[in-house]
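Report on one structure; see the data block that follows.
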Amino acid sequence: MRGVRVPLLCVCVSLLLRCTTSQAPEERDSHMECTDGYQWDLQTEHCKDVNECETIPEACKGEMKCFNHYGGYLCLPRSASIIPDPPGQPGSSFPDDVTEPYPCPLGYESQGGRCVDVDECEHDQHNCQPSQQCFNTQGGFSCQCPEGYRKVGTECIDVDECRYRYCQHRCVNVPGSFSCQCEPGFQLAGNNRSCIDVNECEMGAPCQQRCTNTYGTFLCRCEQGYELGADGFTCKDIDECGFSSFLCQFQCVNKPGKFSCVCPEGYQLQRARLCQDVNECETGTHTCTEGQTCVNTNGGHRCVDNNRCQAPYTQVSNNRCVCSVTKAACRDLPLSIVHRYMSMTSNRTVLSDVFQIQTTSISPGAHNAFRIRSGDDRGAFYIRQINNISAMLVLAQSVTGPKEYILDLEMVSINPILNYQSSSVLRLSIYVGQYTF
Ligand SMILES: [Ca+2]
Ligand SMILES: [Ca+2]
Ligand SMILES: [Ca+2]
Ligand SMILES: [Ca+2]
């Protein structure tokens, strides 16, 4: 209850001043509103006090008496009374009907007999902080923070948007704003918040050969025969030849992205890694003349004279030379010499069978014995007799070519009944090639 007299008058005076300064512009203005306790008076065109004691039923209850005053009313005990201000003091009278032209309300200025709004922002008549923005309003102005700032006290403080997890990856707060950033390998999506994978393969990734895009990064890969370098981008040739010495039968040649096998001269590549002797005698690439016979060897060929018989032997067929028993010079010599040729690779397994001899002339009751007559000074071979008419030449030592043997394999026939002994020779030329193939 407000029953103290002096303060009450002060309230009334201040309300009166408020009322008199809130005059409306001369022309009706829909924006013009009266403060509480006043209402617009169409006749006088200014705010007029409302007598609440008349308009509000039972404004004061019980023993309280209603006292109207400018801008409000009071409920006081019935014994209370209002003491007016002394005459002559400002605000001492309570005008309720002002017809004289008033100065324009605060925030307005008179222009050509009208009150128009003052743009305090433009005329630097505001008291906004340097961090604030001034917004002009009808009859006033307001100080607001720019977007991205919030008001704390009288200052505008930057909003730390990063606290609200706006960004998928990284958030960078800046005064008045923020920005999202993505981890390497990602780029900002159209919404400026999400991060999407960068397809580095389509953007010139430095892969030398193949590129595979992955989430967040990419991988370089290499063609077959290449391996990825330590830098992860370049591809370097795999030296397959360095891996194994068994890739090629003869020689491995490393090439970019692959390898190949080569063979020595006289051989041809078979199934990409083996070397097979070229049979020059069959392919017609030999160099033998009309009077010669071509003998194929491992890695080459030989041309032997068709006539290989030396006196006192005479030739009776292509390979056969005979020494006639009627000649004295033939007495201690083998009756016949038959020429045979064979080719052999280097380092054949020791004790392997090399050549089988079989006689074609069988005299009944004869006993045949086989031996190496000449050509094997170092004992590289021996003869294993199979039966009375055949024997096998066996390799006794490891032989490395190129080497050439001319072995005289002799068969001695003894006929005890007829007391007759004869000898025939198979002259076997063995060409040992340089290689094991
Ligand atoms: Ca910010
Ligand atoms: Ca990627
Ligand atoms: Ca290679
Ligand atoms: Ca050959």
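Just so you know, glycine gets a Cβ as well, placed from its N, Cα and C.
Looking up Cys201 in TrEMBL gives a disulphide bond whose other cysteine, out of Cys195, Cys211, Cys220, is Cys211. Figure note: comparing Cβ neighbours within 10 Å for the disulfide-bonded residues Cys201, Cys211, the maximum is reached by Cys211. Sorting the domain 'EGF-like' (158-196) by DSSP state (H, G, I as helix; E, B as strand; all else coil) yields 4 helix, 16 strand, 19 coil.
Under the DSSP three-state reduction, Cys211 (disulfide bond) is assigned to strand. Under DSSP, Cys201 (disulfide bond) is assigned to a helix (H, G or I) in the three-state scheme.
With a threshold of 8 Å between CB atoms, the same-chain residues lying at least 6 positions outside the domain 'EGF-like' (117-157) that come near it are 31, 105-109, 175-178.
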